[in-house]
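*Asks:* I have a structure here, written as structure tokens, and I will follow up with some questions on it.
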Amino acid sequence: MGNFAANEGLSVFVILVWLGINAYLFVQFYMNFLTERWFYTRVLLGDALSWARAPAACLNFNCMLILLPVCRNLLSFLRGSIQCCSRTAARQLDRNITFHKLVAYMIAFHTAVHIIAHLFNFEWFMGAQLYRNSSSLPFVLSQIGTGDNASYLNPIRTDQTNPTIVMFTTIAGLTGVVITLALILIITSSMEVIRRSYFEVFWYTHHLFIIFFIGLVFHGFGRIVRGQTATSLLENKPSQCADQFESWGKNGTFCPKPEFAGNPPMTWKWVVGPMILYVCERLVRFYRSQQKVVITKVVMHPSKTLELQMKRKGFRMEVGQYVFMQCPCVSQLEWHPFTLTSAPEEDHFSVHIRIVGDWTQGLYEACGGDKNETQEAWKLPKMAIDGPFGTASEDVFGYEVVMLVGAGIGVTPFASVLKSVWYKHIQENQNVFTKKIYFYWLCPETQAFEWFADLLQSLEGQMTEKGMVDFLSYNIYLTRWKETEAAHFRVHHEMYSNCKMLGVFLCGPTQLADVLEKQCLSHSEAGVKFIFNKENF
């Protein structure tokens, strides 16, 4: 239980608070539209009114949140600010994409409820116009404002139309269709099978969020849902006047015709702050992309793995961090994340790139990977770098015993860690708390990772020379990860028999992460705390 609280407690608390706010907003706004001001609107629409407005409030809240987890410069700043106070809190920021997805699912859910409720609303609006009976309160309400159109309740002004036409000829209807289509395309293209196989589709479609937010801001300007004005409520109280609707406005009656008005648009108040933050985020990214990056060395490793060593003025990194890279000659718009494989102590920063898609193939060719002769320096492509950004691996030296688990290309963050370990021991850095590192590497074949295998052999030799044979223990499994083999992965007693705290760092598939986390949490020996950090790919 202690391990679970240490690893998941804050995340669970944040999710519960988020769900609680959603539930509160839904109930609060549902009840708000059961008040006297909306009595006549409910005569036309029934409960569908509240079912449309409650999810709209939740949509405002979640659309306010959706951009924040992808403001990576903001998150990097927050991570650095709070890390000195609480590593647990800082670690939650590494789950930003998970939270981004949860918020997106919540937006999709409330959008569906909102749309279904409004489909019923438009049918009730249309039905009130078609049922032309002056003894029917819905029809009488629908005729208010027919002459001068100054104060009306029913947005469908005639029985000679249909809801579809109204949908495409009103601000609310048109923007609603646009933002719904944008949302459908964004969510469907974000499915893992699309994201992995057709990354460009995911990348470009995701930028429909611009259209989504523009439509969202203007969606409420049509003021289709209307309620009785405060002044009208003083003169025409529904509890007293609803039954006398046939005599409204006639001589000798104390009940004038009610007047109606729509609520002022509120969505922009919810989203303007995050939108400004995101614009600032993009400006920071643009500024960084204009800083000169020099490729100092290009290494072509076996199985089409490209190593780029680069320099940029003022670039500072920590172990396990990553950068976003753009190569304008390959694509002017695409940015891709790559883990840094260099150590902070080195005079350059480097990345290792597997050639597995159109963008990486284009970069490979631009760097001369498809040519036999050496590429001249002036012919190397121009690169833009945004970052570096923090990950959970930054905390690796804060634990007495460390377990590193990498699967396939997930080994790259630990290249930086292992290199830095060596430099720190050479420099006799007293801030290194780590006494033992266990490293596990699962890969189907080693050809594509010979560069990393060479690094391990080099470190092993150097550690032997310094009499530190027991500091680094590594195991390499030449096998492709299968979920059916999950039960065979075990956290060995040797790792935690002589320590009070063990930090576990994983970069690999979700299935492996889930199994390893369960293994860690199942060991609750007295005095031993497992801190689990994962970076899924």
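Keep in mind that glycine also has a Cβ here, set from the backbone N, Cα and C atoms.
Residues or ranges marked as transmembrane segment in TrEMBL: 12-31, 51-71, 102-120, 165-189, 201-221. Taken from TrEMBL, the feature domain 'FAD-binding FR-type' covers 282-395.
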*Asks:* Applying the under-8 angstroms CB criterion, which one of 12-31, 51-71, 102-120, 165-189 scores highest with the transmembrane segment (201-221)?
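*Replies:* Ranking 12-31, 51-71, 102-120, 165-189 by Cβ pairs under 8 Å to the transmembrane segment (201-221) puts 165-189 first.
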*Asks:* From the DSSP assignment alone, can you count helix, strand and coil residues within the domain 'FAD-binding FR-type' (282-395)?
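*Replies:* Once the DSSP states are binned, the domain 'FAD-binding FR-type' (282-395) shows 24 helix, 39 strand, 51 coil.
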*Asks:* Over the domain 'FAD-binding FR-type' (282-395), work out the mean pLDDT and round it to an integer.
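*Replies:* Value for the domain 'FAD-binding FR-type' (282-395), mean pLDDT as a whole number: 84.
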